[in-house]
2 protein chains.
Amino acid sequence: MTSTPDTSPAESINASSQPSDIEIARAARKRPITEIAAKLSIPEDAVLPYGRDKAKIDRDFLAGLGAPKGKLVLVTAVTPTPAGEGKTTTTVGLGDGLAQLGHRVAICLREASLGPCFGMKGGAAGGGHAQVVPMEEMNLHFTGDFHAITSAHNLLSAMIDNHIHWGNALDIDVRRVTWRRVMDMNDRALRDVATGLGGPGNGFPRQTGFDITVASEIMAILCLATDLEDLQERLGRIIIGYTRDKTPVTARELKADGAMVVLLREAMQPNLVQTLENTPAFVHGGPFANIAHGCNSVAATRAALQLADIVVTEAGFGADLGAEKFFDIKCRKAGLSPDVAVLVATVRSLKMSGGVARTDLGTEDAEAVTRGCANLTRHLGNLRGFGLPVVVAINRFDGDTEAELAALRDHVEALGAEVHLCTHWADGGAGAQALAARVAELAASDEVNFTPLYPDDMGLFEKIETVARRIYGAEGVDADAKIRNQLAEWEAAGFGDLPVCMAKTQYSFSADPSLRGAPEGFRVPLREVRLSAGAGFVVAICGEIMTMPGLPRHPAAESIGLNAEGEVVGLF
Amino acid sequence: MTSTPDTSPAESINASSQPSDIEIARAARKRPITEIAAKLSIPEDAVLPYGRDKAKIDRDFLAGLGAPKGKLVLVTAVTPTPAGEGKTTTTVGLGDGLAQLGHRVAICLREASLGPCFGMKGGAAGGGHAQVVPMEEMNLHFTGDFHAITSAHNLLSAMIDNHIHWGNALDIDVRRVTWRRVMDMNDRALRDVATGLGGPGNGFPRQTGFDITVASEIMAILCLATDLEDLQERLGRIIIGYTRDKTPVTARELKADGAMVVLLREAMQPNLVQTLENTPAFVHGGPFANIAHGCNSVAATRAALQLADIVVTEAGFGADLGAEKFFDIKCRKAGLSPDVAVLVATVRSLKMSGGVARTDLGTEDAEAVTRGCANLTRHLGNLRGFGLPVVVAINRFDGDTEAELAALRDHVEALGAEVHLCTHWADGGAGAQALAARVAELAASDEVNFTPLYPDDMGLFEKIETVARRIYGAEGVDADAKIRNQLAEWEAAGFGDLPVCMAKTQYSFSADPSLRGAPEGFRVPLREVRLSAGAGFVVAICGEIMTMPGLPRHPAAESIGLNAEGEVVGLF
């Protein structure tokens with residue numbers, strides 16, 4: 001399982017003579033952010049600007065708007081190639097397409113993480129002519145949300161060690177502190193550290209480590225909290241570790257929840273930016289899609305649904321991971337009911353599912369596309385199983401041949417499903433208008449009968465098994481007694497109602513990235529479970545999880561700088 | 001020497017029936033920030049808003065303004081009590097007083113550090129009716145400058161360990177890496193840590209630690225850099241450690257300077273806020289006043305001097321520390337020429353200098369005031385030695401008696417100096433109008449003949465001795481051969497031209513905090529020297545320096561939270 005958020009711009013593979021993403025983004029004719037807000041009837045005094053092109057929307061204004069009424073469209077994808085299939089680009093293109101058709105639309109995306117930009121090149125929000133801007137700020141400090149999360153997380157960490165230093169009234173076991181520290185930086189040297197060295201004045205030595213900020217439970221909490229009160233409740237429920245007799249100790253017992261919510265107060269307000277075609281886009285929150293649920297914030301999605309008639313959003317990785325968590329964690333817990341799902345497929349991804357090596361994806365192979373479509377078939381069936389109408393969107397790449405595209409289209413139509421060829425990367429919203437028209441029709445038709453995969457009151461292990469069998473196609477889940485006992489203990493402690501957050505490779509339905517397509521006859525090994533009591537889910541780990549990335553041999557940072565015009569170079 | 005920035009609100013000691021600082025701040029009639037900018041003829045399109053009440057000023061606009069023409073007033077103080085003497089409050093009151101007299105005025109202050117707010121109560125910017133607002137944001141994330149500094153600092157740290165991990169082509173000695181990491185948090189457990197544990201995948205283990213962000217050399221660099229080019233030059237010069245043969249290794253050799261300047265690009269632009277009386281205030285940068293120079297940024301001071309006719313600023317701690325560094329480091333290096341110095345004195349501080357215990361400061365003792373005035377005499381002489389006209393401002397506290405005030409006034413007048421009794425804490429700018437009128441007169445008179453204390457080409461040890469003898473009144477400086485050799489090595493390496501940055505207790509002219517008043521016959525022990533090659537000074541450490549504070553037994557964080565109205569409580 002990779003540790004990088006799946007925001008890499010798939011379209012950078014497109015080798016046309018089109019200008020680069022950053023060139024297109026810099027040439028954008030941005031409108032003042034208050035004008036973008038006005039498209040959603042947000043008055044100027046509810047717009048809190050951050051520089052010229054970014055704003056937060058005032059929480060009091062949003063609180064006064066009443067229940068969300070818009071239709072919610074999820075963009076998800078087949079099992080991806082390492083470069084991604086353009087979910088974000090399709091989300092933006094679809095949003096722009098809907099706007100061109102006259103719909104009052106809003107887009108909801110995740111924020112980018114700062115740290116990874118200095119390792120590999122930064123992730124654009126979309127690509128080509130389907131992007132959200134301002135691209136540079138969104139990849140750097142943006143409106144400071146992630147810095148606020150870093151501060152809140154590390155304040156709790158400092159208060160834990162401070163409590164132990166001053167007498168440890170709560171009897172926290174220094175060997176059982178599970179709460180680590182975070183930094184928004186790729187820094188492998190911080191994965192495993194010993195703190196409190198240097199004598200009694202520096203506290204008690206213990207072994208701990210740092211995660212990257214997007215992996216913080218507080219990131220997941222911020223994205224699931226409905227308001228400041230709920231935020232504080234959730235922060236208070238965070239389990240920071242255990243006493244010597246293994247009783248959980250919470251952030252509330254350390255009296256840290258109030259100060260943390262103060263640090264997060266501004267960050268809880270959704271950020272508004274715009275697409276290249278000046279469509280409003282909420283970009284807010286960015287939890288890891290493996291150890292957390294990988295969607296943008298509930299606060300932003302709710303705001304968008306209050307303000308727009310139709311809202312387009314996305315979830316991380318393929319539909320087995322992102323869409324399942326979107327439905328079973330985010331929608332279930334926030335009371336959201338999605339109306340349509342768009343399944344993004346590319347010729348490249350299906351060729352890879354059909355057994356073609358990554359390095360050979362440039363060679364025409366329509367038969368491999370057909371073979372790989374077994375992957376699409378399973379994803380499509382899964383999405384229909386949630387009770388949603390589904391449309392397949394082919395995100396066209398330059399190298400796709402007519403024969404390959406026909407193979408894909410034929411397969412989808414044979415499944416009785418709708419398919420639209422989209423060219424938003426090259427053409428902007430105009431390239432996704434047919435898709436947009438059909439999505440709008442389906443959203444209005446109320447053909448939806450949304451049902452989460454499993455009920456709240458199912459046992460935790462059974463929930464994990466249900467996802468593995470019904471979504472992944474596994475024969476079962478293997479877990480040793482220690483893990484099963486742990487789950488039973490949490491059920492006894494009142495956490496049995498929580499949904500499960502599956503952590504698994506995004507490159508296969510199974511836990512083995514080499515099993516492509518639609519594998520069968522496999523079992524899922526459950527290696528570890530973690531309780532995120534504040535976020536409100538149990539993480540089921542079925543593979544390696546790296547929560548602090550490292551920098552490569554030649555980090556992008558070495559090439560990043562300002563040119564003579566003061567523009568950033570090397571970031572993209 | 002304390003580790004907390006000297007921004008504690010002296011006036012909280014005032015026990016009048018006046019509302020609290022936060023109550024006054026919340027009741028402020030703030031004007032839109034564009035209107036405040038317009039007072040300095042800053043056009044709306046050069047104002048980059050951050051929320052409703054904060055803005056950054058566009059660098060391109062400032063670059064087009066031409067040379068600074070305003071008069072520069074420094075507010076400094078006698079040797080302080082632990083609560084401080086109200087330099088910031090006097091700076092604000094004087095600024096408001098000048099505005100009331102019709103001057104086109106700007107105030108320049110430092111930003112507050114986030115971390116200490118969760119230990120002790122947060123520091124107001126000023127106090128009573130002489131404050132800068134918005135108070136809460138300024139104590140929390142403000143415009144994100146400190147977060148940007150934290151990111152830039154830690155990116156360099158990550159690149160150091162990453163370089164070593166991938167082959168260490170520069171032959172960095174892991175035992176001699178001097179560059180640490182930073183966090184804007186009081187966290188004693190991070191002072192001394194071992195990183196890179198857990199096996200080869202996590203890099204090479206080594207011992208290091210974290211400082212608080214305000215102690216970062218990057219904070220000092222940001223505050224001394226004149227523009228982005230100079231910023232990058234300075235960042236590139238940072239010495240991160242040494243090779244096995246003790247050759248310095250710089251950030252430029254690691255190719256980190258470009259990415260760091262990108263992270264700091266927005267942070268380099270000065271922040272604009274306002275006083276309670278709607279006077280423009282630049283609040284930008286906040287380097288530690290002991291291991292760094294403790295003044296607001298050169299960028300902000302220059303901007304203010306370009307835009308206003310008269311600029312009021314302050315420097316940390318007493319005049320022996322803050323003013324000396326302001327003159328010898330900031331003004332010398334930035335080519336600034338101060339016009340007037342205001343020496344803030346309080347009855348309380350002079351009583352303490354006169355031998356009264358801190359707990360007895362509430363008891364009338366005019367003779368102690370007179371005895372303590374020896375301290376004022378030395379500071380006054382020092383300031384005059386820099387060639388500046390000096391005015392003494394008595395910052396009146398509720399408990400001061402007429403006899404004590406008279407003793408102080410008589411002493412100053414006997415020295416042939418001017419003195420003004422100020423009541424800005426209670427009365428706002430009106431309480432500092434007499435002071436303001438005289439300061440404006442002196443600034444216009446061109447009576448100044450500013451001369452730094454020592455020439456650039458004096459030897460480094462001689463510079464340290466010069467400060468100790470001529471400013472502190474010491475008989476000399478004691479340093480062992482190792483330290484003298486180190487200074488000689490730096491001179492040979494081309495760093496001999498740098499000014500020295502003295503790190504010493506603020507509670508005495510000497511290095512011994514118990515020697516009050518105007519001690520004589522003492523020597524200053526020089527314990528350690530550090531080279532800040534990017535900031536451009538040599539730190540001379542004459543005592544303990546704590547670069548990462550800890551939280552107290554009952555940290556303020558435990559009481560901080562939001563009330564039912566969503567207002568922050570417990571922060572002040």
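Note: Cβ is positioned from N, Cα and C throughout, glycine not excepted.
Under the heading region 'Disordered', TrEMBL lists A:1-21. Here TrEMBL flags A:1-20 as compositional bias 'Polar residues'. Annotated ATP binding site per TrEMBL: A:T81, A:P82, A:A83, A:G84, A:E85, A:G86, A:K87, A:T88, in sequence order.
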* Structure fact -> Across the binding-site residues (A:T81, A:T88), the Cβ with the fewest other Cβ atoms inside 10 Å is that of A:T81
* Structure fact -> Around the Cβ of A:A83 (ATP binding site), other Cβ atoms within 10 Å, all chains included, total 18
* Do you know which of the binding-site residues A:P82, A:G86 has the most other C-beta atoms within 10 angstroms of its C-beta? -> A:G86
* Just counting, how many other CB atoms are there within 10 A of the CB of A:G84 (ATP binding site)? -> 28
* Cβ neighbour count (within 10 Å, all chains shown) around A:E85 (ATP binding site) -> 29
* Asked: Under 8 Å Cβ-Cβ from A:K87 (ATP binding site), six or more apart in the same chain: what's there?
  -> A:V75, A:T76, A:A77, A:E314, A:V344
